[in-house]
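Here TrEMBL flags Arg7, Arg8, Glu9, Tyr10, Lys65, Tyr122, Arg126, Ser130, Arg190, Leu191, His192 as substrate binding site. Summarising the annotation, TrEMBL assigns FMN binding site to Arg60, Ile61, Val62, Leu63, Leu64, Lys65, Phe75, Thr76, Lys82, Gln104, Gln139, Ser140, Trp184, Arg194. Feature annotation from TrEMBL assigns domain 'Pyridoxamine 5'-phosphate oxidase N-terminal' to 33-147. Sequence annotations record features per position, and here TrEMBL assigns domain 'Pyridoxine 5'-phosphate oxidase dimerisation C-terminal' to 171-211.
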Amino acid sequence: MKLDSIRREYRFAALTKQSVAASPIDQFKEWLNDAQRANVNDFSAMSLVTAETGAFPQSRIVLLKDISVDGFTFFTNYDSQKGKAIEKNNKVGLHFFWPELERQVRIDGVAEKTSREASVQYFKSRPLESQIAACASAQSATLTSRSKLEEQYRSLQNALQGDHPECPENWGGYLVRPVKMEFWQGRESRLHDRIVYELVENEWKIKRLSP
Ligand SMILES: Cc1cc2nc3c(=O)[nH]c(=O)nc-3n(C[C@H](O)[C@H](O)[C@H](O)COP(=O)(O)O)c2cc1C
């Protein structure tokens, strides 16, 4: 594979300081809607980046489950690697890439646990299989074998006899409150548009960055 000759031009759209919404959340919602309408696969998937002092930064995909004026919500196991990292440093990064629209969004934000009530409510909305899997898997812990995981799943499934499990105490949501959001739109000849919103004294300031 000759990667160094792979390139394409970006011509889908443009972005200006005048055309974007005053609130980055509104701008984000518009782009998320565009991504859904464009049938982008897993359009709500985002990289979540955590960073602990002196350690390698860690990135993984999670699914965005809610967006509000407060920020971005995803759900996970609080005892996972990401949960432990957020415990030590709640400053995180979120990153969306929608190739069909030649767009990316980068978010710096501060993560906090959602209320137990919100976590339980979302847990209950998940299919039974996903609920059992969340209970049966100690996310990010070392497993001796795949069959061990399947055994844990089956034994819980049998014990429940069709009932739904309680939302585990160590499972729930994080709300990421944004402090900075960058919208990137690919443009011709690599002269891309980058519009950044930064929260300064509770107000969103907008500027353009060089590509
Ligand atoms: C498309 C996709 C969606 C995912 N959604 C989630 C999610 O919403 N929550 C979650 O905990 N893990 C999700 N994962 C798995 C994570 O990427 C990761 O493997 C897991 O959370 C363990 O990460 P950690 O060890 O860094 O905590 C998803 C993975 C993919 C590829």
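Glycine is no exception: its Cβ is also placed from the backbone N, Cα and C atoms.
Just so you know, TrEMBL annotations are computer predictions that nobody has curated.
Overlay of TrEMBL annotations on the structure.
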residue : record                 : Cβ within 10 Å
Arg7    : substrate binding site : 7
Glu9    : substrate binding site : 11
Val62   : FMN binding site       : 17
Lys65   : substrate binding site : 14
Phe75   : FMN binding site       : 20
Lys82   : FMN binding site       : 24
Arg126  : substrate binding site : 15
Gln139  : FMN binding site       : 16
Arg190  : substrate binding site : 10
His192  : substrate binding site : 18
Same-chain residue ranges lying at least 6 outside the domain 'Pyridoxine 5'-phosphate oxidase dimerisation C-terminal' (171-211) that approach it to Cβ under 8 Å: 9-17, 20, 22-25, 27-28, 31, 65-66, 70-78, 86, 92, 94, 102-114, 116, 118-119, 122-123, 134-135
Where the C-beta lies under 6 angstroms from ligand 1, the matching binding-site residues among Arg60, Val62, Leu64: Arg60, Val62
Proximal residue to Arg60 (FMN binding site) among binding-site residues Arg7, Glu9, Arg126, Arg190 (C-alpha distance): Arg126
Secondary-structure category, per DSSP, in which Lys82 (FMN binding site) falls: helix
Glu9 (substrate binding site) versus binding-site residues Val62, Phe75, Trp184 - nearest by Cα: Trp184
For Trp184 (FMN binding site), the number of other Cβ atoms found within 10 Å of its own Cβ: 21
Lowest local Cβ density (other Cβ within 10 Å) among binding-site residues: Arg60, Leu64: Arg60
Among Arg7, Arg126, Arg190, which are recorded as binding-site residues, the nearest neighbour of Val62 (FMN binding site) by Cα: Arg126
For Glu9 (substrate binding site): DSSP state (helix, strand, coil): coil
DSSP-derived class (H/G/I helix, E/B strand, else coil) of Arg190 (substrate binding site): helix
Candidate nearest Arg190 (substrate binding site) in space, where candidates are the binding-site residues Leu64, Phe75, Lys82, Gln139 and distance is Cα-Cα: Leu64
Largest CA-to-CA spread of FMN binders Arg60, Ile61, Val62, Leu63, Leu64, Lys65, Phe75, Thr76, Lys82, Gln104, Gln139, Ser140, Trp184, Arg194, angstrom: 36
Between Arg7 (substrate binding site) and Gln139 (FMN binding site): CA-CA distance (Å): 38
